[in-house]
Amino acid sequence: MKIELVQLAGRDGDTAYNLSRTLNAIATCAGDTDLLVFPETYLSGFVGGAQLAQVAEPLHGTTLQTLLQAVRQRDVAVVLGFAEVHQGRFYNSSVLVTPEGIALQYRKTHLWPSERSDFSPGDRFTTVLWRGVRVGLLICYDIELPETSRALAQLGAEVVIVTNGNMDPYGPVHRTAIMARAQENQLFAVMVNRVGAGDDGLVFAGGSMAVDPFGRVLFEAGRDEVRHVVELDLDQLKAARRDYDYLKDRRLMLSGEQTEHPDGRRELLIGASQ
């Protein structure tokens, strides 16, 4: 599987600009690319307050429909984030968009402190089978909580994709976390961060990474814009679990209702008390 990490700067609240950059990346990707990954809330940027209501869109809104058309034209898939509105609530969401449609939606379950006054947390973890590989999504702060990636591993994830919006001075935290999450679950982890300046004096830390099931770094970006393709050797999944398998050896299961849907999605619901 060939995955392009698309580490870009963006504009907060400027969906048209961010969408234009996204479409250009799709149009110019290599012909054998399977998947492009963009940063957290890349389409909308980071917004809050009254501005959030102006830029947030429903799951099947016009921006994602435009994105879907581009995905179909190139026969690739895309993972990226946006500010979602649903039934009057706002969510920090990421989606896996394939030529067949929106294959997977994930709402950030662990909100950063400054987000909690604007966004509602998601209530489930989800994986889906895509091109023979089971994929799960996480968003930024999620990866600092080991239970999030373990939930996806419990749902059979082989590749965890993280849309990231990590800023200074926390870059080293996510560098450590993404390697740990890959190694302790014996799966691939791909994290794509934003770069450049944001609103309110934020400076995004870059450092997008791809890590193999042994916790070894396959690629690590710097602090500038970059597009880089990594090819995942899926045989490494079996190799990492040959001598010991953490999921089989563990004695503690994560709680929550687990469901498998006819379309292949697997979900683990977070209990009301959690």
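Note that Cβ sites are derived from N, Cα and C of the backbone, with glycine treated the same way.
Taken from Swiss-Prot as is:
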type	residues	note
ACT_SITE	Glu40	active site, proton acceptor
ACT_SITE	Lys108	active site, proton donor
ACT_SITE	Cys140	active site, nucleophile
DOMAIN	1-234	domain 'CN hydrolase'
Nonlocal residues around Cys140 (active site, nucleophile), in sequence order (Cβ under 8 Å, 6 or more apart): Glu40, Lys108, Trp112, Val162, Thr163, Asn164, Gly165, Asn166, His174
Among Glu40, Lys108, which are active-site residues, the residue with the most C-beta atoms within 10 angstroms of its C-beta: Glu40
